[in-house]
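Undergrad: Pasting a structure here, questions to come.
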Amino acid sequence: MILLDFPLYLMETLKCRGSLCGFVVVFMFLTTVSKGSACHAPSTPQCFETKADEFYICEWSMNTTESDVMFDLYFKKNRFRNIKTTWSKIHRDKLNLFTPVDLWVEAHVGNSSCTSTKKSVILSNTVKYEAPQKMSVSWLKSGLKLQWKAVEQNSALAEVRFRRHDEHRTELWENRTTNTTVESSMYHVIVPNLSKHSAYQVQIRHRSTKAHNPLWSNWSPVVMVPAELERSPEVSVTTRLVNGTRRVMLTWKPMPHTASVGKVNYTLKDTQSSRGCPCEERTHHFKWNKYTTYISYSAANISVIARNAAGYSPPAIIQVPAVPAADLKSCDKTLLNEKLNKQTCLELYDLQDGDSRSENVITLTGRKKKKEREQIRESIKDYVRYLYFEHTCDGDRKPRTVKRCLFYKKEGVPLREPQDFTPSSETDHSVDLSWKAIPSVDQRGFLTHYSLCRVKISSQEEHKDCQNISASLINHRLENLTPGTKYNISLAGVTRVGEGPRATITINTQPKKPVNVLWSLLFLFGFFFISTVCTFILKRIKNKIFPPVPTPVIPDFTPCQPESQQMLERKEEVHELTLHQLHPERKSLPEDAEETPVFRGKWDDGTDEDAEDERGDSRMPGGSSDECLSTDQALRSSREGEMTDMDQVDNEIAMLIYRNGLVFDVKTDST
């Protein structure tokens with residue numbers, strides 16, 4: 001009814017009469033109503049102090065799709081025109097902060113306008129924080145810790161919402177509200193009962209706990225929270241010597257997927273960095289799971305740490321020992337008292353029982369100030385063994401070791417004697433001695449040798465016999481001792497300064513043992529037995545290889561007396577000859593052979609008595625010269641008869657001829 005009476009009221013106000021006037025009034029009314037229906041009233045504005053500057057911010061909202069909407073903001077009687085956004089920033093000097101004021105906003109859309117509801121507020125009591133920015137997260141044993149910059153020193157109320165991060169599905173947000181704590185101008189909140197092995201998406205907003213009319217801040221940007229890095233990287237190391245430097249290549253496995261959400265960076269620290277060449281510790285940051293660095297020959301510690309948005313992993317510490325060197329010599333010259341350039345570095349490792357410990361290293365570089373260098377030189381101790389390294393840097397910025405040796409600032413005598421000095425394997429003339437080397441911390445200098453002395457206790461003069469033993473030995477065989485004698489034996493280490501304390505032991509050599517007669521006889525018997533057997537075997541072998549020569553058989557001949565002088569003057573050549581029949585059972589002799597009495601007995605074993613008589617008669621001294629044949633003639637006649645008979649014999653005849661001790665074996669085969 002009010003809307004229907006409005007045109008009549010308008011006509012009376014305008015004093016319009018007639019139908020034409022009424023039509024115009026109704027048209028204007030309908031147009032205004034139609035335009036006004038497109039304007040939706042905005043929300044009541046909220047004005048608050050930002051705490052960051054001297055301005056107040058007023059915010060409101062409006063449900064519209066129009067782009068040319070204009071707003072007028074009213075503070076009681078104050079009006080701020082032509083605002084194109086749903087917020088406005090007003091300096092506090094233009095506002096009444098401590099008395100109640102009415103707030104509203106008027107929207108203008110085209111020719112229509114609409115107004116929000118009015119609200120009476122005291123501006124100084126209304127506070128709204130800015131949305132949290134640059135929030136950091138970290139995992140604790142009790143849960144997830146969130147921290148961001150504090151707006152004021154008072155604690156705030158925070159609302160946290162979170163959900164698991166899953167690439168395959170979207171989970172619902174879960175909200176928790178808690179009070180913050182303030183530490184070092186930072187708000188801290190701990191969200192308990194979250195899994196450290198999962199990744200989360202987190203947002204947070206906060207508001208004041210001291211203001212009379214606090215407002216919630218806007219939500220912070222979504223923060224990705226990766227899982228905790230529980231394990232250190234599994235690092236593999238490959239070292240290679242290159243011209244006085246070492247190339248160290250480090251590789252490790254990627255971190256777990258849930259811990260790699262967002263990104264994972266790595267931090268590497270080494271005591272000898274190529275960028276800090278030499279002898280300066282540097283830190284390198286990178287994104288890859290491999291890295292190559294160069295270090296010198298001295299010991300180095302390298303640590304690799306993985307880092308994500310939620311924290312750090314435990315460090316993987318790689319201890320790279322010094323390059324071993326056999327037979328290190330004492331330093332003949334050092335640069336400790338000379339001026340160093342900026343590319344030179346000296347390192348002295350305090351040796352404890354032969355091991356270099358990096359925490360006991362003294363480093364001297366040319367980059368240090370003069371006073372600091374003097375303090376470092378004074379910190380070098382007397383009587384302490386150091387492992388001296390001299391490093392330099394070339395143009396390629398790689399640390400190189402140019403010298404290493406053993407160094408004493410000042411030497412002395414050893415403080416202790418050789419340890420565990422003990423004898424063993426005593427005999428009547430020798431003993432084995434062993435000991436442990438003097439610890440390097442007690443040597444107080446370079447051992448040149450050991451002094452080993454022995455003294456006979458039973459001797460009246462007690463003469464000391466000493467000898468030097470190499471400092472590298474820990475055992476020795478002492479010989480030329482007297483059997484059944486008691487000795488005092490002592491051992492001491494000797495440096496260039498002098499001799500240290502002695503370790504002393506007492507030994508008794510064994511008495512000399514008597515010779516065992518039975519064993520001696522058995523030994524002699526065995527020796528003669530083996531000699532006899534060997535002699536017999538050698539003779540058998542000799543007879544097989546070189547058969548013995550038979551002794552020639554020489555018959556007894558009675559020489560005939562010659563009747564004339566001519567026969568005496570004749571030089572008769574006598575051949576000692578013996579004929580043997582090899583096959584007597586198959587041999588037949590002619591009758592003419594029986595007439596030769598000298599050889600018949602040799603050819604036929606079955607001789608008769610007449611033959612024996614004839615031989616006997618022929619040897620008689622009274623025989624005539626006609627009947628006596630000379631040996632040469634008998635031999636020739638025998639040979640002629642032999643050859644005549646052999647032509648007629650079918651059997652095989654062998655004839656052995658002995659002449660002047662020589663043997664001739666003649667064999668003929670019958671045809």
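Here the Cβ of each residue, glycine as well, is placed from N, Cα and C on the backbone.
Look at TrEMBL and you will find 131-227, 417-514 tagged as domain 'Fibronectin type-III'. Sequence annotations record features per position, and here TrEMBL assigns transmembrane segment to 517-538. According to TrEMBL, the feature compositional bias 'Basic and acidic residues' maps to 580-590. What TrEMBL records for 580-646 is region 'Disordered'. Taken from TrEMBL, the feature compositional bias 'Acidic residues' applies to 606-615. What TrEMBL lists as compositional bias 'Polar residues' is 627-636.
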Undergrad: Could you tell me how many residues in the domain 'Fibronectin type-III' (417-514) are helical, how many are strand and how many are coil under DSSP?
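TA: Counting residues by DSSP class gives 4 helix, 53 strand, 41 coil.
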Undergrad: Across the domain 'Fibronectin type-III' (417-514), what does the mean pLDDT come to, as a whole number?
TA: 89
Undergrad: Across the domain 'Fibronectin type-III' (131-227), what are the DSSP residue counts per state (helix, strand, coil)?
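TA: Counts, helix then strand then coil: 0 helix, 52 strand, 45 coil.
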